[in-house]
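Taking it in order: structure first as structure tokens, then the write-up.
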Amino acid sequence: MGLLSDPNRRKAITTARILILNMILVLHGDSVVCYLAGIAWFMGLAFEPFTLRTYMSENAMGSTMVEERFPSGERALATAREFAAHKKKVGGMPVDWLVKTMRAQGLEVFTQSFSRNLPFPDESKERFVVRGTNVYGILRAPRAPRTEALVLSAPCSPGNSNNQAVGLLLGLAQYFRSQIYWAKDIIFLVNEHDLIGVQAWLEGYHHTNITGMGYTPLQGRAGSIQAALSLELNSDVVTSLDLVLEGLNGQLPNLDLANLFHAFCQKLGILCTIQGKLQRSDWDTVEGYTHSAQTMLLMVLKQASGRPWGEHGLFLRYHIEAASIRGVNSFRQYKTDATSIGRLFEGMVRKLNNLLERLHQSYFFYLMPSLTRFVSIGYYMPAFGLLTTILLLRALDLWVHLGTPTPVTEDGVGEGESPSSPGLLSVLTPVVISHLTGVALYTLPVLSQEMAVEHFPVSETEAVVLTAIAIYTAGLALPHNTHRLISGEGTEQGWRVLKLVALLYLAVLLGCTALINFSLGFILAVTLVPAAACVTPHVPKALSAVAMVLLSPGCTILYCVFLFQELQEVPVSLAEGWMLFLSVISQGILDHALYGSLVYPLLALLVYPCWLLFWNILFWK
């Protein structure tokens, strides 16, 4: 008891035990084991016995059956052809024709004008200002207090794209008008300019303005929106329906919405896919596992991008459960007619009409290797935990070394004396410079585009992307700038303290990112953790510098571009991949400005400065 009650002896015993435990872990390759275990755990999630079978959690949607009777598929296609003719005639959104048609169907029809100034032209259309008009009709619930609503939307896309979806939407509106069992208002929305139009309508509906959008106030409103479905039919021949779930900043709708889609596809005999891939039953073969792994990785990459992959993605920000259903023409031996698609939507809307409360009983955090299997958050988070454990072990190792007394030496330094602590300036300076570089990467590409266009033969979009790459590359000179500001050379304890701070910083950063967007956090952990764990000033500089650059956030984006193309079975050459990489950068900056995507500011203001701290440690003097 006396031994344990003495603070100095207790501290010595604790320190000795930690040192012994840490040495044992290091000797057994703790980092390598945790890293390989984390990767193996994650890839094992695509194996069907390790996943859960999907099931309907909401009783209101699973306990009642509905009979789909939508008969007007051919009439909807005729309406689509008429819509296409008027769209071609006016050279854009046929607002007057849509208003007249919806009113003839008995809907309360309203329009909304909007405009949006882009920070720089988008690459596809080269436009600085976007102006358009949304048209929406409201079918009032005949036997309800009109406090809740559902949304069916279809974008008015340029050219001949999505005309069938608008025609089917109008056909459903006419059919729904003749039914009397609706307990919720139903809003039929035809929006212009895709996501920008949806953003303007949602901000107008909820009386918010979070992205600087200019729009006219909505003259007609329904109840609180409970769910939304978006339809996209970009081909005259539809062979299957693809479910799109990934929304803004990696948000996903309630899993019951995906289960509802799959249940009606099975009931109506419609071929359905997710990530453009069919369901396979040979899960116990190598081909079956590879197929599931590809599907899951595609979902991870899409979720990590932070961009909305359909119009539904912006509804999720307002806690509205939404999904996009996209008709594709990829399987020639199948064909789905408009009547079947209409009955699918009728069945889903009628099931959602039965809800007494918002969808909440099923999962909001999940991955889907197929439409019949899913991986819950309790299954995939251990893979991330194994990777971040490496950072904590390395931080513990540094903390123990920093607190260990120096041994007796010949020059008279006695045992028990604490080593000289590094100056605050030597640790604080690289932290400040790294984050100032991140601020420059976040702000200067857009602010300096006019100057770049004046001095170089590039467009505004190219100027923004090339400026971002230039600032990112200039950050590699950080160690030299840092040491110029520090009087004298850095100490051995200095880089240890800096690495301890950087390891804890990275662990907290990745942990918070994974809670919001697991896919983004996991991808960053896969590339950043090895570099963070192994970097020291005593490793070979040239080889380590190359490895650090290859594991940097910018190169991670480049790898994801090539991997995404491979998983979609559309491989690209190095030159094509580089152009896609530049396009991804510009789109990421534009998504942040237009919709509030958090991926670009996260990478520029936090992840990149954190990586620069480890880069500074590598070149510590």
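Cβ coordinates are placed from backbone N, Cα and C, and glycine is handled just like the others.
TrEMBL lists 20-47 (among others) with the feature transmembrane segment.
Nonlocal intrachain contacts for the transmembrane segment (377-402), taken as residues 6+ away from its ends with a CB within less than 8 angstroms of a stretch CB, comprise 15, 18-19, 22, 25-26, 30-31, 34-35, 37-39, 41-42, 45, 50-52, 363, 365-367, 419, 493, 496-497, 499-500, 503-504, 506-507, 510-511, 514, 518, 521-522, 525-526, 529, 532-533. Taken from TrEMBL, the feature transmembrane segment covers 377-402 (among others).
TrEMBL lists 502-535 (among others) with the feature transmembrane segment. Listed as Cβ neighbours of the transmembrane segment (502-535) (distance under 8 Å, sequence separation of 6 or more from its ends, same chain) are residues 31, 35, 38-39, 42, 249-250, 299-301, 303-304, 306, 365, 367, 377, 380-381, 383-384, 387-388, 390-392, 394-395, 398, 544, 547-548, 551-553, 555-556, 559-560, 598-599, 602, 606-607, 610-611, 613-614, 617-618.
Positions annotated as transmembrane segment by TrEMBL: 542-564 (among others).
The transmembrane segment annotation in TrEMBL covers 570-590 (among others).
The transmembrane segment annotation in TrEMBL covers 597-618 (among others). If one looks beyond the transmembrane segment (597-618) by at least 6 residues along the same chain, the residues whose Cβ comes under 8 Å of a Cβ in the stretch are 248-249, 304-307, 430-431, 433-435, 437-439, 441-442, 472, 475-476, 478-479, 482, 495, 498-499, 501-502, 505-506, 509, 513, 516, 520, 524, 528, 531-532, 535-537, 539, 541, 544-545, 548, 552-553, 588-589, 591.
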